[in-house]
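**Student:** Just passing along the structure, written as structure tokens.
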Amino acid sequence: MYFAVLVILLHCPSLKAQDDVITINKVELTAPSLKVKNGMSIELTCIVDISKSTSFQMQHAFLFYKDDSLLHNTTSEQNRTRYKISPARFADSGSYKCTVEANRKTKSSNDLDVRVEGLSQPKLTALKREVTEGEVVTLRCEVPEEKPPFIFLFRKLLPNQQFQKKSKQELKENFASVEFPVEEGDRILRFQCTAKVTSAVYSETSEPSNMTIVTVVEPFSHPKLTSKSPWNITEGDRIDIVCTTILVRKYELEILIQKDSRILNSTRGQSSVTYSTIATVEHNGNYTCKVELGRVSKTTSMNIVVAELFAKPILTPSLTDLDENARLSLWCHINGSPKANFSIIKRPPENGILLKTFSNFTIRAQVNDTGSYVCRAEIKGIIKESNPVQITVYAPVSEPVLSVASPSTEMVLGDTLLLRCQSMSGTPPINYTLFRENRLIHTITVFNNTYAEFRDRQTKLNNRREYRCEASNRHSNAKRSSYKMNITVIAPVRNVSFGSLPYGEVEDGGEINFLCVVGEGSLPINFRIFKQNDQKPLFNESRMETRLHWQKKTFHKQDAGKYFCDASNRVTEPMRSNLLTVKVILASWQKGFIALFVLAVIAITASGFWWYWRKKEKGKHPSMEMSGSTAATNSTSEKLPSGPNHYTEFYPGSGYIEDENPVKPTDENKGPDHESAEVEYTEVEVSTPDPYKDSGENRHSSQSPASGRRTY
């Protein structure tokens, strides 16, 4: 009884729980606006609609998600709750949803896309607010409360609304730093920066940051370039050029003076530098003073004009190209004919060789007088030189020597002949000309004492070719010609063919003529004839002709096979011909013998067949043969005379033919008894009556003692 009561008491809570049944009908997430300005608030409200079996209080778990990541969770007995994000930043843009859990049941709302517009204004700071020319300005741009990645854009504001910019991407931090160099002329620098952030859907750019001002201090003043020379400078006057600057502090700066790209003087660690010289016309031009300190440099320029004291002297030669031992005269003068000290100098060497301290100079020119000549004039310590004049003294060329590069004067057709022509004496440049059979081939100019090298390709077969060369220079004498040289052109052996007569076949024991022909090649040509796979040639001989005829007297069956020939001359290896197959056939007498043998076999076979057929025919008519035999025997015994036997044959319609060679008995020892015992067979031909037969029989009866035909 107590146990039953206990079971009922334990079962009552479960009955109560079964009575508290719920279902989540709907979960809704709302916001006042889906677009929020940066810095404002995002207010999210999650509302749940639940149906219950009875009226009772219960706890609801509200979970807020952003881009499927849990953002906030809370528990409440109410059917709604709120979640506020303040201030809203660009990173808060995204897809939000709310999930409600109650009585082991879960349901989520639809996604709510919220966009935060704008980006926080970045903050720009400078590491130093005062810098010196040549230094750098370090800037830092930061976007507080925003999350990377960012692209920072820094601007250096210039006059006329222009700017210099630098950009930097930052993936992990919300700030970036860059450096700007301080350039010449910078005084007050203004900087700003902006930040740009990009999401998968859209991007935002911030407003410009605060303006940051940096003051630039000059380390030294702009240089000043002055000249201590008179305003009208003439050649011979002294020029003094001074460059100065003012230092704010003591710096290791450098000052230099330059003309064009040439540095004339320089100093380091001082505030001035001076360049001094005696003025000449070459000193006309623009002079620059430059002061440098690190990255900073400042320049200033001035122009100096130097008046000419006298013109440059002029050197005039009688001739610039002349023969050896010819007269050479040189004149030196100045336009306006002022009084000056003249001297004539020959180069090389670099410093020159003084020939004469006068305006005129005359010599009998030799080859070693070739060179560059100048005239030097001096007035009031100013020395000027004329433009150089090149004088060349030509020695005549000697007789040239023509030679070949190879040790032999023979060459192969199709190869290139290398010829060299050289005169052992003569002033260059020397013109060398090659002739072949008095035909000009090529001209080469040589500018030093060496040979000219000619190449001539041999394309036509000509047993001998005649070459010569000519040499000449600017000497007035005529050209010189070399001795003639003969070159032998050798054609290699080509197109070897091989044949025979008769072609390809020869009777056993007969003779054969082999013919080896060369299509092209210089004589003599060495011919060889081989049987294939034989190392030793059948024929080997050198001929002064392009074809070989060789006869083999007897050719037998063992000589059959494949043959070839090769040909060579002194410039080519043996060139093989085509293969010729030679067969051996039977001789005429062998063919006749075989024919007679075959005919004899055929005759014997036919005779045997004929005998067999006659014997078979006789077996079919025995009575007629016997009667015929008896009659024939009697008739023969009566009509034939004694002595040797005579045999005749009878042909119907014709006479008889008497055998001139009677057949003798095969056995001479046989007696009369044996002869009578022999059986004679007579063939009787039976035919229908014929008038010609009757007349024949009458005619034969008068000629022969017996009628009919006998066969033995």
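Every residue, even glycine, has its Cβ placed from backbone N, Cα and C.
Pulled from TrEMBL, these are the listed features:
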- 626-639: compositional bias 'Polar residues' (COMPBIAS)
- 661-677: compositional bias 'Basic and acidic residues' (COMPBIAS)
- 691-700: compositional bias 'Basic and acidic residues' (COMPBIAS)
- 13-108: domain 'Ig-like' (DOMAIN)
- 223-305: domain 'Ig-like' (DOMAIN)
- 313-392: domain 'Ig-like' (DOMAIN)
- 400-488: domain 'Ig-like' (DOMAIN)
- 492-581: domain 'Ig-like' (DOMAIN)
- 620-712: region 'Disordered' (REGION)
- 1-17: signal peptide (SIGNAL)
- 593-613: transmembrane segment (TRANSMEM)
**Student:** Go through the chain and flag residues at least 6 beyond the ends of the transmembrane segment (593-613) whose CB is under 8 A from any CB in it; none is fine as an answer.
**Tutor:** 586
**Student:** Between 0 and 100, where does the mean pLDDT of the domain 'Ig-like' (13-108) sit?
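**Tutor:** A mean pLDDT of 87 is what the predicted model shows over the domain 'Ig-like' (13-108).
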**Student:** Using DSSP, tally how many residues of the domain 'Ig-like' (492-581) sit in helix, strand and coil.
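**Tutor:** Tallying H, G and I as helix, E and B as strand, the rest coil: 3 helix, 55 strand, 32 coil.
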